[in-house]
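TrEMBL has this to say about the protein:
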- A:61-88: transmembrane segment (TRANSMEM)
- A:65-256: domain 'ABC transmembrane type-1' (DOMAIN)
- A:100-123: transmembrane segment (TRANSMEM)
- A:129-151: transmembrane segment (TRANSMEM)
- A:192-214: transmembrane segment (TRANSMEM)
- A:234-255: transmembrane segment (TRANSMEM)
Amino acid sequence: MAGLAAKRARKQRAFRWTVLIVLGTFFLLPLAAMVEFSTRNSETWPLLVDWPQLSATYPDLANGIVSSLGQAALTSLLMLVLLVPTAIWVRLRLPKLRPLVEFLCLLPLTIPAIVLVVGLAPVYAWVNYLIGGSSLTLVFAYTILVLPYAYRAIDAGLSAIDVKTLAEAARSLGSGWMTVIWRVVLPNIRSAVLSAAFLTVALVLGEFTIASLLHRTNLQVAIDYLGKSSATMSVAVSLAALLLAFVLLIVLSLFGDRRTTAKEKS
Amino acid sequence: MTGVAVHLEGLRRTFGATHALDNLDLRIEPGELIALLGPSGCGKTTALRILAGLDDADAGRVLVGGKDVTGLPASKRGMGMVFQAYSLFPHLDAQRNVEFGLRLRGRKDAATRSAEMLELVGLAGFAKRFPHQLSGGQQQRVALARALAIEPQVLLLDEPLSALDAKVRVQLRDEIRRIQTEVGTTTLFVTHDQEEALAVADRVGVMKSGKLEQLAAPAEIYQKPATAFVADFVGLSNRLAGTVHGDVVEVLGTRLPLVTPHTGGSAVTALVRPEAVGVTPDATSEAKVLTASFLGPTSRVTVTAGDQLVVAQVPSGQLPSLTPGTAVRLELQPVPVALQD
């Protein structure tokens, strides 16, 4: 029996390693190629971390990076301001509307970006007219784009706690609705809110289609332009952006793990 | 601290076609603990939630200390509440949970008061523990301390013991009564557990379909149930065929007084408590013991008498003489009985 179990365990281990190596190669090979290509010119990476020099040499790229960071920050903020109170309110006061809200929030996932742009173009004609053509105006479109991911994250956080009872306990102790949200619900869905924010940042930093088709600047659009004049630099920036997204996701998973482990230990 | 009077006046509440509360009137005297008892869906929790301000009545008024608070939101009612589900804020330790309501009121003595309250509920050494580091019983104690810390006008307990195991339930139940007597807060305790209600309350209100069937002291509820529903819901009852003769009913050859006068036909079903049935071995009797179960200080004996099954509660010392098959004589104590509707 023991021999059979050991044999099965060995087989499973071999299978796991095979899958890991095949998939690892599939994902890492292009990245390795990017590293190799972007290090052919020894000046590329040093230039990338020297901001004054980078913005003087590639002003469009610098502009794209600043725009993308601004868009990521503002989109996260707008998403949280809109979504967190809505999700809490729907759970507490309008539970029957939950399926509808969930459907609406997931809708952008089913609509291709190109179709979204067709719909957004006339809207952005008005946005241009009313508040100008700044690339930060993309924040409105991006907020819609991140809804499926952000809503899922926040909803999962709310599912993990008994929002109704906590809110009622807080109200019976004298809290108004704002205090309930700010001092009772938010601290208990902190990791879910952070997840939503990180996912938003990752998504916005990688967005190309809408920005390009609406003639706005962001990191991906700048990389695309740069690719036509300096392929090495464009690949280096792509790799850096990818690494940033990885770091964000790793931080996110570490944060989630730490909270879980802390709870289990206690 | 002295309690205030609470008056629920003509409360009505419907959920779709269901009448959760049907013109409910309830008056709680200052410092009194009333337990609302009833089966699921009888409206007891709805009544408590309306008193707390967590739900709105369709009609009727809520008066606390003579003041109409019907339109006041929950946050302005100054009522302490302990919920059935664990309701401590998970991100705050026990002390900060207790301080929560005090800090909202800007109380400078929040830390001292919270320490006092934790001591009152016997958790002085647990101030820095987070809810997930406390057992269910400890969490409910902290919730009680948190509810009492704000010196509420009224304390509301919504089945606070139902998630706990049997032993902790009894301990905490007694402690709730001790603390309530000590602080003197007017209290409404909602439960579906009759033993709990009878043990802690000054008066018990038995509810059915949104109405109060009877509101009386625990002993009266048990011994003189006003309706068949109360007799049936509170404690065990034998359903025995009887014949009404004026203001008494004859059951198994014994005449028993009626709780309420009977106006219908003479053939009735009387509800007789097992402890009102005496069982004595008697070889000449036709009644025979069917089963006998040892329950500790008392035992339960089932007897077949003609086509009727009678359950009796007897002292365990009698058990050896009441083995299955023994011929026995049944004697009913002349305590008032209710008749089934």
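Glycine too: its Cβ is placed from the backbone N, Cα and C atoms.
When each of the listed stretches A:61-88, A:100-123, A:234-255 is scored by C-beta pairs under 8 angstroms to the transmembrane segment (A:129-151), A:61-88 comes out highest. If you look at the transmembrane segment (A:100-123), the same-chain residues 6 or more away from its ends with a CB under 8 A from one of its CBs are 83, 86-87, 90, 141, 144-145, 147-148, 151, 155, 209-210, 213-214. Remote same-chain partners of the transmembrane segment (A:234-255), defined as residues 6 or more beyond its termini with a Cβ less than 8 Å from a stretch Cβ, comprise 31, 34-35, 37-38, 44-45, 48, 61, 191, 194-195, 198-199, 201-202, 205-206, 219-220, 222-224, 226-227. Listed as Cβ neighbours of the transmembrane segment (A:61-88) (distance under 8 Å, sequence separation of 6 or more from its ends, same chain) are residues 51, 54-55, 101, 105, 135-136, 138-140, 142-143, 146-147, 150-151, 154-155, 158, 163, 181, 185-186, 189, 193, 196-197, 200-201, 204-205, 216-223, 226, 233, 237.
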